[in-house]
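Enquirer: Below are the features I grabbed from TrEMBL:
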type: DOMAIN; residues: 1-69; note: domain 'PPIase FKBP-type'
type: DOMAIN; residues: 93-181; note: domain 'PPIase FKBP-type'
type: DOMAIN; residues: 205-293; note: domain 'PPIase FKBP-type'
type: DOMAIN; residues: 317-402; note: domain 'PPIase FKBP-type'
type: DOMAIN; residues: 420-448; note: domain 'EF-hand'
type: DOMAIN; residues: 458-493; note: domain 'EF-hand'
type: REGION; residues: 467-498; note: region 'Disordered'
Amino acid sequence: SYDRGATVAGVVGVGRLITGMDRGLQGMCVNERRHLIVPPHLGYGSIGVAGLIPPDATLYFDVIMLDIWNKNDKLQITTLSKPEHCNRTVENSDFVRYHYNGTLLDGTPFDSSYSKDSTYDTYVGTGWLIKGMDQGLLGMCAGEKRSIIIPPFLAYGEKGYGTMVPPQASLVFSVLLVDFHNPKDGVFLEYLEVPESCKRRAVTGDFVRYHYNGTLMDGTLFDSSYSRNHTYNTYIGKGYIIPGMDQGLQGVCMGERRRVVIPPHLAYGENGAGDKIPGSAVLIFDVHIIDFHNPADPVEIETVYRPEGCNVTTRDRDFVRYHYNCSLLDGTKLFSSHDYEKPQEAMAGWRAQDFGARRGRGGRIWGRGVIVPPHLGHGESGARGVPGSAVLRFEVELISMEEGVPEGYLFIWHGEPPANLYEQMDLNKDGEIPAEEFSTFIKTQVAEGKGRLMPSSDPEKVIADMFRNQDRNQDGKITSEELKLKSDEDQEKIHEEL
């Protein structure tokens, strides 16, 4: 047979071979070698083979068994390894990506996906594969390894395939299933950790900050936000990210950990992305939600503690002293007023530096627990120690407050101002009011309860600002022509506009 360059194939025990060979081949294993001595009466007898085998010849055969199969054989499937967790197995019409080594039954290799440095990608159960492989891949888990032995009538049959697979050859495939999906698959969600308290879930239009690890189904890491030490920040449901992630982040809670499994038609499709995501790859994202907000969100206020008998609350432009702790929503501490000697001071509803502008407090309650979205905090750029687009949590304790004055005023009268205001303010009656006289007069009015200054940690500065406003020509003194009440100034402006 070596001279002919082709193996001999035949059915044993049905009279198609000489009796000696029929008997001599039985009981052999693949790759077994035998030396057969066949006497004439079990060979070609007294007739022989004309021109080749003389009559009454004893025959000697050196035989090596290359392949064995029976028409009743079925696939032989051996599971070599299997993942602990397997949510779904291969079914007909699934699209699979797998690696394989293909050998003949005697171990002769004929093909390998590894040599091509690429998986074999195809549909199962639709006739694109030989029947044996179509059947052999069914029920596999992603990451599973199998040995699949296929008889020739479920492989390439009598014709074989090319020069590598001879006719009537059994095939052995060592298969590693890399991943699979079905074109009808949607996003699969696995809830790894959900906070007990979830006041709001993310919806389309929300801006989400999250960390993630992205892997293929075989566990290969292709990307991670942790490696960049920076969250991934984006809007959801608006097409800024792959469709599967747009869907997979819907309904998340702050602090939630979620696994999002995305089929390729909702990820990067047949083309893949870069050199790390192959075509038709299923992607797995393990996501940790840091925070989210909507550009329309107001400041959220929760009263943690309110003293009994609290009848007076802060109003717009009141001067307040307070302590606070500031953190991210995941609990990361950013800064605290307790790190400084004195409490913080601010005018309620005026300064946006701490709690997100005047809209945040509504002019009624100085919140004890305050959630500030980034557009009312430090915005997309963040600040020193504050990540961009971060939602902030403040825990606030009000220490004291002073009643404020209307916007645009530095001092207000509790009743009607004196009719002869200039004369009363000119303490030495010399026809002009220097800064010292002005300051003494204003302080006297405050002390006697006739008026009040805009609250400040530095009342001297407020009085100095008042004096500068009245000293129109900046000559260091106020004349009767220069002194005007703000209400009179506002009325003059209206007339000028008219």
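Cβ coordinates are placed from backbone N, Cα and C, and glycine is handled just like the others.
Let's see these features in context: how buried, what's close, how far.
Expert: Across the domain 'PPIase FKBP-type' (1-69), DSSP helix (H, G, I), strand (E, B) and coil residues number 10 helix, 14 strand, 45 coil.
Each residue in the domain 'PPIase FKBP-type' (93-181) gets a DSSP state, and the totals come to 12 helix, 37 strand, 40 coil.
Summarised by DSSP class, the composition of the domain 'PPIase FKBP-type' (205-293) is 12 helix, 37 strand, 40 coil.
Residue counts for the domain 'EF-hand' (420-448) under DSSP, split into helix (H, G, I), strand (E, B) and coil, are 18 helix, 2 strand, 9 coil.
Taken together, the residues in the domain 'EF-hand' (458-493) have a mean pLDDT of 86 on the 0 to 100 scale.
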Enquirer: In the domain 'EF-hand' (458-493), how many residues does DSSP assign to helix, to strand and to coil?
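Expert: Per-class counts: 20 helix, 2 strand, 14 coil.
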Enquirer: What same-chain residues lie close to the domain 'EF-hand' (458-493): Cβ under 8 Å, and 6 or more beyond its ends?
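Expert: For the domain 'EF-hand' (458-493), the far contacts come to 408-411, 417, 421-422, 425, 431-435, 438-439, 442-443.
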